[in-house]
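Structure first, commentary second.
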Amino acid sequence: MGCCSGRCTLAFICGMQLISILERQIFDFLGYQWAPILTNFVHIIMVILGLFGTVQFRPRYVTGYAVWLVLWVTWNVFIICFYLEVGDLSKDTDLIMTFNLSMHRSWWMENGPGCRVTPVTPPPSWAPEDHRYISISGCMLEYQYVEVAHSSLQIILALAGFIYACYVVKLISEEEDSFDFIGGFDSYGYQGPQKTSHLQLQPMYMSK
């Protein structure tokens with residue numbers, strides 16, 4: 001019963017992770033955030049493997065999922081520090097999120113709740129010709145805090161998933177050990193008498 005409830009809870013957590021990361025992946029695509037897009041893709045694969053291992057009693061898959069969650073938490077902590085500009089980090093750096101391939105920012109920068117986008121004309125002389133120069137005002141919640149909220153949710157789900165992954169691996173290992181222990185008696189169990197073939201000897205008479 002404990003194994004079933006633990007597996008069901010872990011499967012539910014994996015489902016929540018898939019829903020939340022797919023939502024995040026959509027908005028990262030809209031904002032051309034290539035580093036998060038690649039990382040999210042790897043996370044989706046690992047969560048699917050963890051879900052498969054949970055359903056199919058594959059402790060190795062669940063263990064790999066748990067190890068990945070440690071890296072996933074580290075990545076999301078970095079995202080939080082990046083958008084809050086902790087230390088020397090700056091959220092305006094193009095190299096980290098877009099690999100310096102574009103000048104796009106988070107999709108929430110222009111489309112956040114209450115944000116009003118106003119084109120600036122004429123654009124500054126330093127602005128690229130193929131980019132528009134805009135002014136954003138009236139946002140009820142700045143885009144960096146939306147990104148921080150997304151990463152915080154991922155950290156909470158990852159911590160819960162890690163705890164239950166360790167719990168499920170422990171339960172599956174205990175069940176496998178108990179099955180091996182019970183099966184070990186079979187080799188020493190009572191064996192019934194086996195049928196043996198008897199050769200009936202009959203006297204032979206030789207005529208002279």
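For all residues, glycine too, the Cβ spot is worked out from N, Cα and C.
What TrEMBL annotates here:
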- 34-53: transmembrane segment (TRANSMEM)
- 65-86: transmembrane segment (TRANSMEM)
- 151-169: transmembrane segment (TRANSMEM)
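Sequence-distant contacts of the transmembrane segment (34-53) (same chain, at least 6 residues past either end, Cβ-Cβ under 8 Å): 10-11, 14-15, 17-18, 21-22, 24-25, 28, 59-62, 64-66, 68, 72, 75, 79, 96-99, 101, 161, 165.
Here the transmembrane segment (65-86) has Cβ contacts under 8 Å with residues 36, 39, 42-43, 46-47, 49-50, 53, 96-97, 144-145, 147-148, 151-152, 154-155, 158-159, 161-162, 165-166, 169 of the same chain, all six or more residues outside its ends.
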